[in-house]
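Quick look at what TrEMBL annotates:
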type	residues	note
BINDING	Cys22, Cys52, Cys55, Cys61	[4Fe-4S] cluster binding site
DOMAIN	21-85	domain '4Fe-4S Wbl-type'
Amino acid sequence: MKTAWLPPAVAEEWDWQLHGKCRGHSSSQFFHPSDERGHARIRREQVAKAICRGCPVLTQCRAYALKTLEPYGVWGGMTQSERADYHRAQRETAWKTSGNQ
């Protein structure tokens, strides 16, 4: 059975979430409905990213989303598309530096 990797369920590993600026905001601000497209999606993501700016745990949030390959929502000021682009660039860099140009 193949399972996704998640960090250990240790309180210290998750306490950062208690300090996020996103606490108290609706999750719908950070996660899009399935039918959301175009300007509505861009605007919602901009508002979510504005909430993330200046967040005391932005670094931990972003690291968590990148490490766990979080597929949905705005995490650490990055949209799902931006995280996908980041991972793609990381793979391309690894491929090039391994001599497979």
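Each residue, glycine too, has its Cβ placed from N, Cα and C.
Keep in mind that TrEMBL annotations are predicted by a computer and have not been checked by a curator.
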Close in space but at least six residues away in sequence, with Cβ under 8 Å from that of Cys52 ([4Fe-4S] cluster binding site), the same-chain residues are Lys21, Cys22, Leu58, Cys61, Val74, Gly76, Gly77
Would you list the other residues of this chain near [4Fe-4S] cluster - those whose C-beta lies within 8 angstroms of the C-beta centroid of Cys22, Cys52, Cys55, Cys61 - in sequence order?
Gly20, Lys21, Ile51, Val57, Leu58, Trp75, Gly76, Gly77
Restricted to the domain '4Fe-4S Wbl-type' (21-85), the mean pLDDT of the model is 96
What are the sequence-distant neighbours of Cys55 ([4Fe-4S] cluster binding site), meaning same chain, six or more residues apart, C-beta distance under 8 angstroms?
Gly20, Lys21, Cys22, Cys61, Gly77
Binding-site residues (Cys22, Cys61), the one with most neighbouring Cβ atoms at 10 Å:
Cys61
Work out, from DSSP, the number of helix, strand and coil residues along the domain '4Fe-4S Wbl-type' (21-85).
34 helix, 2 strand, 29 coil
